[in-house]
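Worksheet: one structure, shown below.
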Amino acid sequence: MTLDLNKLRFGSELIKRGFSAMTKGGVIMDVTTADQAKIAEAAGAVAVMALERVPADIRAAGGVARMADPMKIKEIMDAVSIPVMAKVRIGHISEAYVLEKIGVDMLDESEVLTPADPFFHLYKKNLTVPVVSGARNLPEAVRRIFEGAAMIRTKGEAGTGNIIEAVRHIRKVNEEISVLKRMSDEQLRAVASNISASYFVLREEASKDLMGVEGKLSYDSAYAGMGRSRIEREILAILRQIRRMGRLPVVNFAAGGVATPADGALMMELGADGVFVGSGIFKSPNPEKMARSIVEAVENYRDYDVVEKASEGLQGMPGVDIESIPKDMRLQERGW
């Protein structure tokens with residue numbers, strides 16, 4: 001029987017999660033050209049993220065950041081043999097279907113781009129292509145998994161070259177899982193109810209607009225055709241799975257601020273399953289060497305002879321102090 005490679009990449013939740021797990025232990029690099037994609041592949045990247053501008057340039061330019069030009073994505077896909085991912089705006093259903101049609105291997109519903117929907121993220125179970133989503137804490141991760149994310153990543157603060165927010169996010173997820181493991185079923189139900197609340201914001205606004213007060217309308221079909229009871233039940237099932245496994249049921253990568261080999265090693269030490277590097281490679285003075293060095297450090301993160309050697313002779317991208325960025329301008333604040 002001949003295997004259909006497309007069916008191995010796309011389709012059921014199990015297949016989508018399995019494809020995502022194949023990148024475990026590796027580095028995924030942002031690229032904006034076919035030449036950069038070739039550099040990433042030669043350096044040992046397990047996948048590339050095709051986009052028009054790296055996060056540092058998106059941050060500097062301001063305005064509205066959208067899906068990359070499909071022609072640019074196709075050029076990158078034609079240039080390399082490793083998987084190619086692409087970013088989609090939060091909640092932008094049509095961008096997601098366009099990228100799926102192109103044949104990208106995975107989508108990133110990304111806060112780096114300007115959100116399209118003020119109420120909802122994509123219902124990723126309607127897509128055949130796997131999707132990665134960012135999370136700052138366990139509730140955000142659980143919501144994205146409920147929606148169908150096949151991979152979670154920290155949000156960090158993209159484009160800053162500053163690792164502190166990625167560290168904050170993975171530590172919060174780890175701590176909250178540790179607490180969750182000791183919870184009773186009754187406590188888990190309360191957590192599920194709290195995590196579910198963001199799916200009813202639109203219905204509450206409709207109630208206030210129409211009835212003058214919140215809470216006057218039912219929660220039937222509040223999100224993706226599901227009402228409150230089903231949403232809470234499915235989220236509770238995910239929480240029980242996390243409690244049983246002692247970790248997220250999907251791979252959890254680090255992203256947002258990784259700028260040096262030591263940054264990559266740090267995130268692996270803290271429990272990340274792999275690392276995304278956005279601006280840190282092609283905003284550094286020597287992208288080829290930086291790319292190789294980060295891959296070496298991530299793959300050998302507990303061998304500090306290797307990490308030290310990988311760090312020699314490198315200069316990272318210019319960094320940004322997080323405290324200098326107003327909270328409402330921080331990309332990590334996008335999403336719900």
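Keep in mind that glycine also has a Cβ here, set from the backbone N, Cα and C atoms.
As the structure is a computational prediction, the values presented were derived from the model and not from experiment.
Feature annotations, courtesy of Swiss-Prot:
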type	residues	note
BINDING	ASP30, GLY159, GLY257, GLY278, SER279	D-ribose 5-phosphate binding site
ACT_SITE	LYS87	active site, schiff-base intermediate with D-ribose 5-phosphate
BINDING	ARG171	D-glyceraldehyde 3-phosphate binding site
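Positions of the features from Swiss-Prot, shown on the structure.
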| residue | record | Cβ contacts under 8 Å, 6 or more apart |
| --- | --- | --- |
| ASP30 | D-ribose 5-phosphate binding site | VAL48, MET49, LEU51, VAL54, PRO55, PHE276, VAL277, GLY278, SER279, ILE281, PHE282 |
| LYS87 | active site, schiff-base intermediate with D-ribose 5-phosphate | MET49, LEU51, MET67, ALA68, LEU107, ASP108, GLU109, SER110, VAL112, LEU113 |
| GLY159 | D-ribose 5-phosphate binding site | VAL54, PRO55, ALA56, ASP57, ILE58, ARG59, ALA60, VAL112, GLY278, SER279, VAL320, LEU331 |
| ARG171 | D-glyceraldehyde 3-phosphate binding site | LEU270 |
| GLY257 | D-ribose 5-phosphate binding site | GLY156, GLU157, ALA158, THR160, GLY161, ASN162, ILE163, ILE164, GLU165, ALA166, ASP263, GLY280 |
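The DSSP secondary structure for the residue listed as 'active site, schiff-base intermediate with D-ribose 5-phosphate' is strand. Classification of ASP30 (D-ribose 5-phosphate binding site) by DSSP places it within a strand. Report note: the D-ribose 5-phosphate site is defined by ASP30, GLY159, GLY257, GLY278, SER279, and the residues of the same chain whose CB lies within 8 Å of the CB centroid of those residues, excluding them, are VAL54, PRO55, ALA56, VAL112, ALA158, THR160, GLY161, GLY256, VAL258, ALA259, VAL277, GLY280, LYS283.
Spanning the residues ASP30, GLY159, GLY257, GLY278, SER279 that the record associates with binding D-ribose 5-phosphate, the maximal Cα-Cα distance equals 12 Å.
In the structure shown, across all protein chains, GLY278 is the one of the binding-site residues GLY278, SER279 with the greatest number of other Cβ atoms within 10 Å.
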